[in-house]
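For reference, TrEMBL has these:
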- 13-31: transmembrane segment (TRANSMEM)
- 36-51: transmembrane segment (TRANSMEM)
- 57-73: transmembrane segment (TRANSMEM)
- 80-101: transmembrane segment (TRANSMEM)
- 121-142: transmembrane segment (TRANSMEM)
- 154-176: transmembrane segment (TRANSMEM)
- 188-212: transmembrane segment (TRANSMEM)
- 189-284: domain 'CAAX prenyl protease 2/Lysostaphin resistance protein A-like' (DOMAIN)
- 224-242: transmembrane segment (TRANSMEM)
Amino acid sequence: MNSILYHLLMTDPYVVCIFIFIAIATLSLWLFKTRYIFFLCLAGAFSLAFMTETLTVGRLICFCVLILLFYLLNKQRPKLLTAGLFTLATLLSLGIIFGIFPPDKLLHTITSVQLSKNTPPLSLTLSINEAVVGLLPLALCIPLSRNRFTWNLVWKKTALITVLIILVFFSAGTFAHLLSWKPHTSSFAFSFLFANFFLVVIPQEAFFRGFLQRQFALFFHKPALKFSAIIFSSVIFSFIQLSFISDWHLLALGFSTSLMIGVLYYITSSIESVIFSHFVLNVIHFFLFT
């Protein structure tokens, strides 16, 4: 059995169940037109988080306020009111991500994990906060592609721009000695990529592109001004990275990559396209680079 998944099952099976609830909730948004299953699964994840004492009443109240704000943002309202709702939702979301209100509690921490025998050990910290912050707007105010026709319109652009993003990211990272070519396999590849897809990639793209970039762009009519939304969401993304990255070279690489993914979303208007591009980038990074 996958080593990290086995570790979680043996030490904290509640965490695995929480992940499964979140994964099912996420998939239900594409499989069903109704949001009932999403919120039912989310309630299940919250219940288990309460049992493990990693979800407090204060944090639950914050999530409920976010649900209300995202729901209100999905309706046509005066621009000034929309701007106020957008500002409140953004500030509250960032506060939850940074663990400001209320203080954060991690679900689980796994120490001394190695991708392979030749890579340095790292620690994995697991939390549902960023996942929930990203999944709520995905469920309430972000357009989704639920049919092949819509995807057929954007897949060629998505594939082309994804290739460009991969070439730029790994070429720049290697040239700056931030990344090194080191193909490897890992005993916990499945669980790592599973968690990365549902807890990182989808929530991040939903929040930064589907919510921040898309909602900010709606305030403008001229295409040139709409492009400022890409910069806005990328700046916020880099600001969050400051909490765990101190090397400005890495920050610059992350910022430029965020800009390119933002351009992809600007061109396709498809949240699925940026999720695909981001995850492919992470998979290549995981197996081929350190």
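Just so you know, glycine gets a Cβ as well, placed from its N, Cα and C.
Between the transmembrane segment (13-31) and the stretches 80-101, 188-212, 224-242, Cβ pairs under 8 Å are most numerous for 188-212. If one looks beyond the transmembrane segment (80-101) by at least 6 residues along the same chain, the residues whose Cβ comes under 8 Å of a Cβ in the stretch are 58-59, 62-63, 65-66, 69-70, 72-73, 129-130, 132-133, 137, 207, 211-212, 215-216, 218-219, 236, 240, 243. Here the transmembrane segment (224-242) has Cβ contacts under 8 Å with residues 90, 94, 97-98, 204, 208-209, 212-214, 216-217, 250-251, 254-255, 258-259, 262-263, 265-266 of the same chain, all six or more residues outside its ends. With DSSP states grouped into helix (H, G, I), strand (E, B) and coil, the domain 'CAAX prenyl protease 2/Lysostaphin resistance protein A-like' (189-284) comes out at 82 helix, 0 strand, 14 coil.
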